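Now, the feature entries from Swiss-Prot:
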TOPO_DOM  1-75  topological domain 'Cytoplasmic'
TOPO_DOM  97-111  topological domain 'Extracellular'
TOPO_DOM  133-174  topological domain 'Cytoplasmic'
TOPO_DOM  196-213  topological domain 'Extracellular'
TOPO_DOM  235-243  topological domain 'Cytoplasmic'
TOPO_DOM  265-283  topological domain 'Extracellular'
TOPO_DOM  305-319  topological domain 'Cytoplasmic'
TOPO_DOM  341-354  topological domain 'Extracellular'
TRANSMEM  76-96  transmembrane segment
TRANSMEM  112-132  transmembrane segment
TRANSMEM  175-195  transmembrane segment
TRANSMEM  214-234  transmembrane segment
TRANSMEM  244-264  transmembrane segment
TRANSMEM  284-304  transmembrane segment
TRANSMEM  320-340  transmembrane segment
Amino acid sequence: MTTAILERLSTLSVSGQQLRRLPKILEDGLPKMPCTVPETDVPQLFREPYIRTGYRPTGHEWRYYFFSLFQKHNEVVNVWTHLLAALAVLLRFWAFAEAEALPWASTHSLPLLLFILSSITYLTCSLLAHLLQSKSELSHYTFYFVDYVGVSVYQYGSALAHFFYSSDQAWYDRFWLFFLPAAAFCGWLSCAGCCYAKYRYRRPYPVMRKICQVVPAGLAFILDISPVAHRVALCHLAGCQEQAAWYHTLQILFFLVSAYFFSCPVPEKYFPGSCDIVGHGHQIFHAFLSICTLSQLEAILLDYQGRQEIFLQRHGPLSVHMACLSFFFLAACSAATAALLRHKVKARLTKKDS
């Protein structure tokens, strides 16, 4: 009996020693995290207006930038807002699919699946861009080009969902023929405009860069939201009782707020150096855009549930399949545009270094 107790105590002693060594093991396994640096210690390309500190140094190993997810720096809120939003979209859709016994192969479900895919894509591309862009100048351009591809994919995924699930009959009768082709073109134009502006203009950025970004994206938004805006306006004029229409209303409002903070560097413009880690405009843009996407998701799930009969009356399997194939065509065109401009950037950087 005594021997058994001594053996057990010996085992516990070894386990205790291992536990005491655990922090050291974890520390050795993680990369050494360099301190963040002020704007004067990073190249001009990485500097943001009115953001004085919190920059990650360039030129380190990839794992440093991945592990900077847990470091305090001026991009970490941008990363976490879209990471949490992506997880929320995924979990909400999974719960909906389980509760509704979603028919995955049904024609009726295809636009919904593409909308979910597009939402996860844009959120993931965005968080990767903000997490990894500090590695080098080429990485900076590459990941922001990927971000712009994600935005174009999300724009068209939203257009598909709005067209198939959310449009009312009066709007549909007038615009059904050219809405999706125009939405696909505007989605590509948004990606091309953002990529070109990133490639063409250097910091400090001129106003023309913002125009190249905002105008195509604004046109895409106006077109993509038109079926929803028309339905919401009619609903509110008639004393709206539709729950989905209220979610669509929130979607529009949150997007407009996010667009303001994307276009204007506030509040950091009025408090330079005070909003470096938390509170600058791009972080607020990310937060409101995430809430916009979650509101949009709720509205589309309600439309998917409640308007199936309208869907079946309007759309045959062939038209739905063709529209869904165009989603992947748009993604390929946007990716090709980004790859072309990345090639030009790489050639320019190589020439500069030689």
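Each Cβ is built from the backbone N, Cα and C atoms, and glycine gets one as well.
Comparing 76-96, 175-195, 214-234, 244-264, 284-304 for CB pairs under 8 angstroms to the transmembrane segment (320-340), the maximum falls on 175-195. Same-chain neighbours of the topological domain 'Cytoplasmic' (305-319): 100, 107-108, 164-166, 169, 172, 176, 244, counting only residues six or more beyond its ends whose CB sits under 8 Å from a CB of the stretch.
With Cβ pairs under 8 Å as the measure, the transmembrane segment (284-304) is packed most heavily against 76-96, out of 76-96, 112-132, 214-234. Within its own chain, the transmembrane segment (76-96) has Cβ neighbours under 8 Å at 68-69, 102, 116, 119-120, 123-124, 126-127, 130-131, 277-278, 282-283, 286-287, 290, 293-294, 297-298, 301, counting only residues six or more beyond its boundaries. Confidence over the topological domain 'Extracellular' (196-213), given as mean pLDDT on the 0 to 100 scale, stands at 90. Tertiary neighbourhood of the topological domain 'Extracellular' (196-213): same-chain residues 44-45, 47, 49, 141, 144-145, 148, 263, 341, 344-345, selected by CB-CB distance under 8 Å and a gap of 6+ residues from either end.
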